[in-house]
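Please read the structure below before turning to the comments.
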Amino acid sequence: MACPQQSDELVFFVNGRKVIERQADPEELLLYYLRKKLRLSGTKYGCGVGGCGACTVMISTYDPVAKLIHHRPANSCLLPLCSLHGAAVITVEGVGSIKTRIHPIQERLAKCNGSQCGFCTPGMVMSMYALLRNHAEPSMEQIISALDGNLCRCTGYRPIIDSYTSFAREPTCCQLRGTGQCCLDQEERVCSSSTGGQILSGLCNPEQFLPMDPTQEFIFPPELMRMAQEQQRTTLIFHGKRTTWISPPSLKKLLKLKAKYPKAPLVVGNTTVGLKRNHSGAYHPIILHPVRISEMLVVSSTSDGLVIGAACCLAQLRDILMKAVTELPAEKTKTYRALLQHLRTLAGEQIRSMASLGGHIVSRGSSWDLNPILSVGKSVLNLASEDGKRQILLNDRFLAGCEHADINAKEVIVSVLIPYSMKDDFISAFRQAERQKNALSIVNSGMRVLFRPGTDTIVDLSILFGGIGSTTLSARKSCEKLIGRQWNDQMLNEACKLVLEEIVLPPSASGGKVEYRRTLLVSFLFRFYLEVLHGLHQMYPFRYAELSQEKMSALGMLQSGVPQGVQIYQDVDPGQSPQDPVGRPIRHQSGIKHTTGEAVFIDDIRPVDGELSLAVVTSVKAHAKIISIDASEALQVPGVVDVVTARDVPGKNGKDEQAYAEDKVICVGQIICAVVAESLTQAKCGAGKVKIVYKDLDPILTIEDAIKNNSYITEQRKIEKGDIVKGFKSADEIIEGELHMGGQEHFYMETNSVLVIPRVEDKEMDVYVSTQHATDVQELVASALNLQSSKVMCHVKRVGGAFGGKVTKPSLFAVIAAVAANKTGHPVRFVLERNMDMLITGGRHPFFGKYKVGFMNDGRIIAADFQCYINGGCTKDESELVIEYVVLKVDNAYNIPNLRVRGHACKTHLPSNTAFRGFGFPQAGLLMETCIVAVVTQTGLPHEKVRETNMYKGVNLTSFKEKFDAENLWKCWEECLDKSDYYSRKAMVEEFNTKNYWKKKGIAIIPMKFSVGFNATYFHQAGALVHIYIDGSVLITHGGIELGQGIHTKMLQIASRELKIPLSYIHFCETSTTTVPNGKYTAGSVGTEINARAVQNACQILWKRLEPIQRDNPDGKWEDWISEAHKQSINLSATGYFKGYHTNMNWDTQKGHAFPYFLFGVACSEVEIDCLTGAHKNIRTDIVMDACFSINPAIDIGQIEGAFIQGVGLYTLEDIYFSPKGEQLTLGPDTYKIPAVCDVPEQFCVYLLPNSRNSIAIYSSKGMGEAGLFLGSSVFFAIRDAVAATRKERGLSLDFTLNSPLTVERIRMACGDVFTEMIPKDKPGTYKPWAIDIA
């Protein structure tokens, strides 16, 4: 049967099942099709821009010409549905499920505790699955590379890497302190103390893993193979409402279509066109999809070089070049090696597997890394149109879009010739990004020089830079002036001068970092100069001298190795019952469901009958009166049901913060109204049609502005201890300084989500919401609707990450949705997209601290005066509590006899900042440690000695007169000094620094005294409800919420111990206000232990009721006792309650028992920095934590590691930018960089202090949720140590302050040198900056 010439039938397979779409919409993306139409909710929405990996799936296609099946990972949030014709899609549900079989990838990830909240986990599984389908025994480098595009905010990545290490072809043991032991061996090492259990290493046992069985995987559907063969001449056409998608089968037909539709883009991976649509709503009437055109998929070798088809993806390009580099002579592959250098770090594996070479070239993004290298490598574009074929150079003029050097509208790039390099060629690639991998470059460059054979006389020179202007820029004039010159220092000096004159970056340039970017221009040029000199020496060793050791240190980029971890903890007492799970590393109770995608989050709940979607309209002004709201056009949009404003709120419109803005707006991103529609697309379209007229008012944006205008949220908080006047008078020296610290986005993987379902009777409402505070949601919704709280039922199964960001804001989002549901009578779903979540919600408070410190010559601090300011944003939120904690915690681990601390929460016109893990301590602790470093600098004493001199010792009092014992602080300190080999490594760091001028290492050891909990008793109350059913099964519920911290897992362990039954008997359903009322928010590190007390109380009540039954039948089974109890009418349900820890703080007397207890920890980190670029890598971190008796070591160590990596992000990576108008500029993973796999220390060791007890908390445990975050500052101070070594060698002042986060920009500019001096400087106040410093 003849195949039709055209087809509008979209055919593909999903998890082995055939899918036929006869009305496929070209604008529909795979992610939403999977979730909404096929109800496959395991694939998650995380960002919508291909930056987080939560939506990863595997796409398999068949090449009928080569007769090969290709598997690749892909971001389904960018993948158009129409691109899938003939493809087989595998989602996490197809890999394995609880109902069918658990795949070894899923099993190992769960057993190795590789999930916490579980939201990112399906994406992690799919990235690994795609890798294993292509490489059954991958290398560790391939495994790490496969995870480049996946973000996790909870785990710190170490357990994920550990679990996947078991698939690697070569064993990579962690070599525990050089003993030859591996942490995965679970070798027992007897503790030196006779008390307690043995010391164990490792948290999972590879011997228990299921083996891989490739025969169990889905085969590629034979039907699709036949279809690919039969449809080689069929044009596929899919018509949508606005866009038509055409996939031609031949180049001839493509060129005919391009002639007819010259403005139609060619889309392969949709990584450029799709992003523009997501960001700006851009669309195209016609899209051409050229993936079946053989000429555009060609890979061939000619006498001139490699010809690569324009439709080949970047991952293919990488593999082709890697093969070429191994097979061809080195002199021919210089361009290829330069390209490979960038291909290893460019984007994530998903994007590399989707984005095409032609798309990368033709989109000509300024930060696109490959174009400058292709250009200097003299690449040639093979073009075709109906008028014929031609070739043009991929040169600087093409990249600049010059008309005479560009592609005509009717032409397409068919292939690219990447020429071989020559013997006297030198080609280098450079890039610097905010993060080592999967981050757009700040500046990139390609450089090439050609010498007259056998000499160093320049015949040809090309220097191109990306990231400077809107297109890639060429230093063409500079290069022309240097031709004929010899390659020497004089040439370099002139080249730097010429380049800085030609490549101009205005002070107001988009993206900011202006002076840093200028410095990179000449820093890259200097590195290229040295690379070429080194190459000349290797080619002609007797003609050209070898580089000096100083210059050699400038060569090479920092590359992180494969992270390896060690986890050391104490086993349970040998006498503990094997059935008793308390103290054992039990895996997360939802771990398997996380890995199979069967764990249900809010937006995974199936649609309810009549459900509407909601989109919000937010303020574009920081401070303005609302003159009018015109929703008339929005109401005309098909599918829009209604527009909801503050007038529609029957009761109170929020509490401290308005749910809907009323008369004025007080920040950019404030919600003004909401549009409800039959679909989210319609709601968003309607929201875009709402017209708002404002009258501008003057905004206050920065802490400096707030201080000038006396704009504060609360009264000053103050603590004073001793007599600071006398203290300063008796000091040998006094120093003063300042510290600025930026905020931090929570970047929980699950964005804020709420589903409100009105009930038919009594105005009742069910609210399903991702929150840390169900009671607050209940209260605010009831208040807004004028209902009693008893009619609002709030349900939380689990939350996909929170970190404090879901304490207050979810209540407002619930009110928004509930008011809409009340007005329309329909269920309403409100799920924020990532950019809106980041725009609307605040984060960690930006901080400004001023210090004055008096100290003795021996380093002893005897007086300190601190003034602390936080940027609270536009409403109170949690700012009062945060500034109180800053004041109470600023001393950290140090006993300062004469101390005054004053704290101010500033009110500005920014989104309200809120609770964040650590709650003020990360800012306060950094200020204190900055003071310690200042004393070290002034006295010249060793860092560790000054810290030891000032640390609390023995039983002591805090500045607010709370008694505590510092014994475990010193135990942690001494243990960390020992475990980290601090002194020997410090000596090695110093030796390294004497030998390396352009790279430096640094090491820092930081102690911590962390106060757990809250400074008021009622915050610590908790309730629980435990039911025993007739069959003996047990259902527990409590007021705590699962955020990824394993609270429910620990509750099951506690119930198992108290009721003396196996874990398999016990189930937890959900947290709900219908079962446990009036719960406090799950935060402050105490959520687990206070709810554990309530669960324990309920279980003990039940056990006491069962005691008579047990006495009468001591040999009976649990089921027998329960059956008999029921017959005897014994109540098998019990409510448990914990009143809370006794805490208080009197600010008038400045005294109190503010916190239940303290925990202690110490971290030692070593780093290496690149002085030319500001890049750094984390070499090693050792953490010793005073966990006392850990209820679950696997969970507690996971919390420590995850918090630490989040702290690394806070102190070194995560920079939030605001425009001078108060608009946040960092609104997604493309512009805001959280730590990725590449940021994990190469050696990451966590030790739980053995033989330690805490009399306050249940089972002598301690709360581990937050404390590890501050220890990330050890990386900050290790970097500072390296910068200080750099400055000392250059003769620069050592009295310098580094603000946080310590980004590549700040590191580079602090390493002052000839290049930072030569760049032009801009005088502040003479220009309008792209972004302002709000701290």
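Cβ from N, Cα, C; glycine included.
All TrEMBL annotations are machine predictions without curation.
Per TrEMBL, the features are:
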ACT_SITE  GLU1266  active site, proton acceptor
BINDING   CYS47, CYS52, CYS55, CYS77  [2Fe-2S] cluster 1 binding site
BINDING   CYS117, CYS120, CYS152, CYS154  [2Fe-2S] cluster 2 binding site
BINDING   LEU266, VAL267, VAL268, GLY269, ASN270, THR271, THR272, VAL273, ASP369, ARG431  FAD binding site
BINDING   GLN772, PHE803, ARG917, GLY1084  Mo-molybdopterin binding site
BINDING   PHE919  substrate binding site
DOMAIN    8-95  domain '2Fe-2S ferredoxin-type'
DOMAIN    238-423  domain 'FAD-binding PCMH-type'
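Residue counts for the domain '2Fe-2S ferredoxin-type' (8-95) by DSSP state, with H, G and I taken as helix and E and B as strand, are 16 helix, 31 strand, 41 coil. Separating the Cα atoms of CYS77 ([2Fe-2S] cluster 1 binding site) and THR272 (FAD binding site) is a whole-number distance of 13 Å.
For CYS52 ([2Fe-2S] cluster 1 binding site) paired with LEU266 (FAD binding site), the C-alpha to C-alpha distance reads 25 Å. Within 10 Å of CYS55 ([2Fe-2S] cluster 1 binding site), counting C-alpha to C-alpha distances, fall the following of the binding-site residues CYS117, CYS120, VAL268: CYS120.
Across the structure, GLN772 (Mo-molybdopterin binding site) and CYS117 ([2Fe-2S] cluster 2 binding site) are spaced 13 Å apart at their Cα atoms. Distance from the CA of PHE803 (Mo-molybdopterin binding site) to the CA of CYS154 ([2Fe-2S] cluster 2 binding site) is 9 Å.
The recorded positions near CYS152 ([2Fe-2S] cluster 2 binding site), taking a 10 angstroms Cα-Cα threshold over the set THR272, PHE803, GLU1266, amount to none. With CYS120 ([2Fe-2S] cluster 2 binding site) as the anchor, the candidate binding-site residues are CYS47, VAL268, ASN270, GLY1084, and the one with the nearest CA is CYS47. Same-chain neighbours of the [2Fe-2S] cluster 1 site beyond CYS47, CYS52, CYS55, CYS77, judged by a C-beta within 8 angstroms of the site's C-beta center, are, in sequence order, LEU31, LYS44, TYR45, GLY46, GLY48, VAL49, GLY50, GLY51, GLY53, ALA54, ASN75, GLY123, ARG834, PRO1229.
The residue listed as 'active site, proton acceptor' has PHE803, PHE919, GLY1084 nearby among the binding-site residues THR272, PHE803, PHE919, GLY1084, counting only those with a Cα within 10 angstroms of its own Cα. Each residue contributes its Cα atom, and for CYS117 ([2Fe-2S] cluster 2 binding site) and PHE803 (Mo-molybdopterin binding site) those atoms are 11 Å apart. Neighbour count (other Cβ atoms within 10 Å of the Cβ, all protein chains): 21 for THR272 (FAD binding site). Put plainly, the binding-site residues CYS47, CYS152 were compared by Cβ crowding within 10 Å, and the winner is CYS152. Counting in whole angstrom, LEU266 (FAD binding site) lies 24 from CYS47 ([2Fe-2S] cluster 1 binding site) by their C-alpha atoms. When pLDDT values are averaged over the domain 'FAD-binding PCMH-type' (238-423), the model yields 93.
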